[in-house]
There are 2 protein chains.
Amino acid sequence: MSKKLNICEIFGPTIQGEGAMMGRPTLFVRTGGCDYRCSWCDTMYAVDPKHSDQWQRMTTEEVMAEIERLSDQTPMHVTLSGGNPAMQPLEDLIDLGHSKGYQFALETQGSLARDWFKKLDQLTLSPKGPSAGVKTDWDVLDACVDLVEPYKQASMKVVIFDDADYAFAQKVQNRYPQLPLYLQAGNHMVDSNAPADIPGVLDRLRWLAEKVASDRWQSACVLPQLHVLAWGNMRGA
Amino acid sequence: MSKKLNICEIFGPTIQGEGAMMGRPTLFVRTGGCDYRCSWCDTMYAVDPKHSDQWQRMTTEEVMAEIERLSDQTPMHVTLSGGNPAMQPLEDLIDLGHSKGYQFALETQGSLARDWFKKLDQLTLSPKGPSAGVKTDWDVLDACVDLVEPYKQASMKVVIFDDADYAFAQKVQNRYPQLPLYLQAGNHMVDSNAPADIPGVLDRLRWLAEKVASDRWQSACVLPQLHVLAWGNMRGA
Ligand code: SF4
Ligand code: SF4
């Protein structure tokens with residue numbers, strides 16, 4: 001009997017909207033629960049236990065069955081997200097999925113270092129800048145990076161709202177020069193019941209692009225959130 | 001005395017808005033002249049000889065001096081674009097820039113195969129689908145691909161407006177499975193004197209993303225044009 005996983009939602013196929021895998025087809029497994037409370041969190045329904053009545057306790061086999069159903073039994077790419085998916089025992093799911101030909105990416109803030117990160121096909125570490133109002137434990141983030149050091153498909157992603165976040169991202173770059181760094185223009189309107197402020201989002205994208213360009217920060221990569229542009233704040237897209 | 005180059009504009013630093021290098025700081029050297037006349041060309045001012053009074057005949061050394069001025073003499077990434085930059089003798093510029101530490105990407109439709117493509121740091125081949133109203137010479141495109149075959153940083157980019165373009169992109173993928181393929185949602189409003197139709201552009205992005213996701217076309221990558229989102233149709237951004 002495998003351990004139960006806290007699952008908020010499983011959906012797709014859709015397109016990855018962020019970071020290194022932007023634009024590529026994937027399924028999403030969103031776990032419930034997070035050790036952070038970021039001020040601009042866009043998935044509070046997967047964070048705050050007050051929404052936990054909408055989460056399900058599922059076995060590895062049940063999650064895999066749903067992945068196979070959504071993908072018509074044809075192996076494809078799966079993104080493990082949250083909340084903080086590092087809080088869930090996902091190693092068995094990765095092993096089971098791999099045995100069936102599926103690939104797995106995981107995105108986490110890097111507040112919990114799990115040995116099984118080594119098994120992932122892609123890992124995105126997304127430490128949170130000052131605007132999030134949470135504190136980065138650099139030692140744990142170091143431990144996450146140490147796990148993936150020999151591993152080529154790991155990257156850092158920092159959401160940028162302001163100059164303080166930008167300085168934070170520069171610190172991340174200096175500390176982990178070996179990892180590609182994605183700078184994501186922040187979305188300030190994250191209510192999934194309200195329309196996204198697309199002009200506002202694009203204003204921030206322009207501001208960030210102009211800043212990186214004029215600084216000629218050659219190793220940075222400025223990206224929007226493709227899913228917010230295409231589908232707004234709609235859940236499950 | 002080096003050969004003269006037809007130069008439409010040199011600008012930056014800005015952020016690359018398309019394809020494999022999306023989001024990264026770069027300078028643009030846009031050459032004048034093109035052997036195609038795509039219906040939806042967004043740089044007709046670099047294509048139609050009626051604009052050639054705005055182009056300049058410049059030596060390699062003059063272009064390099066402008067690149068160095070714009071980059072404050074600090075080596076950075078340069079994108080050679082057009083028009084069709086393959087019509088210009090750019091080999092000396094690439095050699096001279098490399099000797100000073102600059103990197104060069106080039107984007108062309110692949111209608112002219114140049115031996116010096118081998119010297120590029122990145123090459124984007126962007127054959128045009130049916131909506132462009134031009135004809136792809138597959139033998140020449142094959143020759144371009146043969147030049148870059150051992151070279152890792154080459155990719156294909158196809159602009160998609162409709163189902164026929166999508167089918168064309170699938171043909172490109174099947175013919176050149178070794179090259180990463182970027183599917184770019186088309187921009188139907190390309191008048192640089194009129195505002196871009198951002199909602200329309202985002203509608204096409206959503207349509208394309210949903211199509212690729214439901215087809216689970218795993219090797220495709222759906223991207224918007226970041227510069228159109230950030231700056232609209234403004235020239236020199
Ligand atoms: S770490 Fe992520 S999921 Fe958790 S609160 Fe912050 S933004 Fe939300
Ligand atoms: S190949 Fe490019 S520059 Fe030439 S006409 Fe077509 S879109 Fe315009």
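Glycine residues also receive a Cβ, built from the backbone N, Cα and C atoms like all the rest.
Secondary structure from DSSP puts A:Gly17 (substrate binding site) in coil. On its own chain, A:Gly17 (substrate binding site) has A:Gln225, A:Leu226, A:His227, A:Val228, A:Ala230 as residues at least 6 apart in sequence with a Cβ closer than 8 Å to its own Cβ. The substrate binding site annotation in TrEMBL covers A:Ile15, A:Gln16, A:Gly17, A:Arg30, A:Ser81.
According to TrEMBL, the domain 'Radical SAM core' annotation covers A:21-233.
A coil conformation is recorded for A:Cys38 ([4Fe-4S] cluster binding site) in the three-state DSSP classification, outside any helix or strand. Listed in sequence order, A:Lys128, A:Ala132, A:Gly133, A:Val134 are the same-chain residues at least 6 apart in sequence whose CB falls under 8 Å from the CB of A:Cys38 ([4Fe-4S] cluster binding site). Per TrEMBL, the feature [4Fe-4S] cluster binding site maps to A:Cys34, A:Cys38, A:Cys41.
For A:Trp40, A:Cys41, A:Asp42, A:Gly83, A:Ser126, A:Pro127, A:Lys128, the entry in TrEMBL reads S-adenosyl-L-methionine binding site.
Marked as Mg(2+) binding site by TrEMBL: A:Thr43. Under the three-state DSSP scheme, A:Thr43 (Mg(2+) binding site) falls in the coil class. Neighbour list (A:Thr43 (Mg(2+) binding site), Cβ cut-off 8 Å, at least 6 residues apart, same chain): A:Cys8, A:Arg30, A:Ser81, A:Gly82, A:Gly83.
Proximity to chain B (Cβ-Cβ distance under 8 Å) holds for the following binding-site residues out of A:Ile15, A:Cys38, A:Cys41, A:Thr43, A:Gly83: A:Ile15. In this structure, the binding-site residues that sit close to ligand 1, with a C-beta under 6 angstroms from any of its atoms, are A:Cys38, A:Thr43, chosen from A:Ile15, A:Cys38, A:Thr43. Mapped onto three states, the DSSP output places A:Ser81 (substrate binding site) in strand.
Take the mean position of the Cβ atoms of A:Cys34, A:Cys38, A:Cys41, the recorded [4Fe-4S] cluster site; other residues of that chain with a Cβ within 8 Å of it are A:Tyr36, A:Arg37, A:Thr43, A:Met44, A:Val47, A:Gly83, A:Ala132, A:Val134. Cβ environment of A:Ile15 (substrate binding site): A:Gly23, A:Arg24, A:Pro25, A:Thr26, A:Leu226, A:His227, A:Ala230 lie under 8 Å away, each six or more residues apart in the same chain. Excluding the listed site residues A:Ile15, A:Gln16, A:Gly17, A:Arg30, A:Ser81, the same chain places A:Thr14, A:Glu18, A:Thr26, A:Phe28, A:Thr79, A:His227 with Cβ atoms within 8 Å of the centre of the substrate site Cβ atoms.
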